[in-house]
Amino acid sequence: MMTCRLGSRRLGGSRGSLQGGTACSAASELDLSSRSRRSHKASFLPRLKLLGASGEAPLLSGWRSTPHTPATPAPHHSHNHLATPHCNGTDSGSRGGLRRRSTYASGRLRSGPHWSFVFDPAGRLCYYWSMVVSLAFLYNLWVIVYRFAFQEINGETLIVWFCLDYFSDFLYLADILFHFRTGYLEDGVLQTDAAKLRAHYMNSTTFYIDCLCLLPLDFLYLSIGFNSILRSFRLVKIYRFWAFMDRTERHTNYPNLFRSTSLIHYLLVIFHWNGCLYHIIYKNNGFGSKNWVYHDTETADVVKQYLQSYYWCTLALTTIGDLPRPRSKGEYVFVIAQLLFGLLLFATVLGHVANIVTSVSTARKEFQAKLDGVKTYMRMRRVPNHLQVKVIKWFDYLWLTQKCSDEEKAVSCLPDKLKAEIAINVHLDTLKRVEIFQNTEAGFLCELVLRLRPVLFSPGDFICRKGEVGKEMYIVNRGKLQVVGDNGKTVLATLKAGSYFGEISILNMGTAGNRRTASVRSVGYSDLFVLSKKDMWDVLKEYPAARVRLEAIAVKRLEKYKKAPLEKVAMGRCHSTPGLVERSGRVPIEEMQLPPMAIPPPILSSHPPSYRDQLYSSSVSPLRVASPVASCASSARSSAAGGGSVAAVSSTSRVTHETHESLECEIKRLRERLYTVETENAAMSAKLNQQQWEVDQRLQEIEMQICGGSSLSSHEDNERNRESII
């Protein structure tokens, strides 16, 4: 337990000094609030701002370079409301729906002094329990009427039936106890208080239905004998079975298959009950009406009697006919009721089957309608046959991979929060492979994910061509791309899943007017994500820190790709993709195959001192090389002093060697100077483009304000003129 002095001292550093008379519980509560706010400010506030208290934050936690592990203060009753959005500190993330009354501190679970179990109605444990109770109900649904109609089976296996009956009753009783500890939602918050749960269940209709299911009518066995019809109240539990079926249909990945199976089961149950009723009727008639009852029914065993009864009801309810003619009034009434019920059942079954078939083929019909529309358009516009075949193949691949033609329409009914969660789950792995988006803010990534557009390219399609203005950035999700040369045949690089290109163009970092520097072609069917320049800048305007980081990465990548050979740099090639970079590094002087030359003194001496000094001073190399003029002078002096042919030859070779070294040094310095100048130009171009974009945005805002003011003033003038006329 924290003391008042400790709480006051910490409050004085974060939120101001405490006044006298402050309670100790309030000090500890505010201390926990300040510490929790300080510990979570760096990592959780950006997520809570956009994503809410839960949802995308756990998915985006992997983007953090260092995981955050907040401290765990001691539990206190005065700050239980800070633990979790659920009341009473319920664990919202427990598995299987099992919840524990405890206190939370900084996201960690700390158990309280008392334990009590509360089941989440939407958890897996509740679902599995409802499945067990549904199996007990199905046992009673099939067995009760069967044992009442064919009482011959009760004598031999009575002990087995007793065990099964009372085991199902035990499950019914356990279900009542389960309901006492099942939470419920009130104002969107899961209630876990024991008194509230007990009052809520006992005041509901479900409690009385569950009690009715367990009426102890089995004591009547002592007076009237064993009769399974006394257990008919167990069938009131059908509401639990229906709830289980509805939840299974909502959560299954194969709803149409589940609906078909449920429909078949309902038909079998109806035939079973009608067959048992048919057997009861003709057994009470003493099997005397031979024209209505099948032959050898009285002497047949139980299985044969059941199959005959089931067969008769199948013919009656399916309206096939070929039934034995009834004789008595009761038989006529029963047959008429069976035929009418069979007509209704037949219509219901046809409707359900039609719905299942329609739901299965709905997506295919919509897709086929779009394909037919495109075919009609191409036929009317007389599109060449090879292009029509290409379009049809594109539709075929789209159906095989996605089973739909409009992904946005499929999730259009969902709120933005759920759309963001789905988009993050779908595109998270792709964004993790993009280098420039690593270690960025969670909110920034979420905004980008919502703006990604999937695009599918056919084999041979060009994603971009050299010289085009770059307005989009592409991320390869699936497929293979090739970076080709000017002739369209030379393959410079191959891009696979996780590669990206075009980021320097949309960040305004290019030095070639934001134009594509190479052509990219799809090898097969390629699935790409497209991020437009407008969407990128709209997001960066909300996240300036991410903008600074991305620009720094783009400048670094631009500097890296500028370390190409000198002749390629002079051509102004700017590469934005690792796959687009040709050979990196510099060409050694030996590979240039320069012929040996001797520079005449007049040419070298024609350089003014200012140019030579400027050239050497601009170099960042620590090397010190003698000037060509000094080399020529020293060689002249040495040749004059020698006076012989051997001395002249050696002097000439020495001059050539020194000149060769000086030329190599000069070329290196020129390269470094050119590289530095182009890097500075790239950075200045980026800043200039950004400033120009901001000025354009401001001009548009001013024009809109002027237009709005002029329209307002003209409206006021019209009003005054109309009043003056009146």
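Glycine is treated like the rest: Cβ placed from N, Cα and C.
Heads up, TrEMBL stuff is auto-annotated, nobody curated it.
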Worksheet item: TrEMBL tags one of 1-23, 24-46 as region 'Disordered' - which one?
Response: 1-23
Discussion item. Pairs 6 or more apart in sequence, C-beta under 8 angstroms, 3 or more of them: is that satisfied by the transmembrane segment (125-146) and the transmembrane segment (263-282)?
Written reply: yes
Discussion item. Checking distant contacts: for the transmembrane segment (263-282), what same-chain residues at least six beyond its ends satisfy Cβ-Cβ under 8 A?
Written reply: 141-142, 145-146, 148-150, 289, 292-293, 297, 305-306, 309-310, 312-314, 316-317, 330-331, 334, 338, 345, 349, 352-353, 356
Practice prompt. Could you pull the average pLDDT for the domain 'Cyclic nucleotide-binding' (436-555)?
Written response: 83
Worksheet item: Which residue counts does DSSP yield for the domain 'Cyclic nucleotide-binding' (436-555) in the helix, strand and coil classes, in that order?
Response: 38 helix, 39 strand, 43 coil
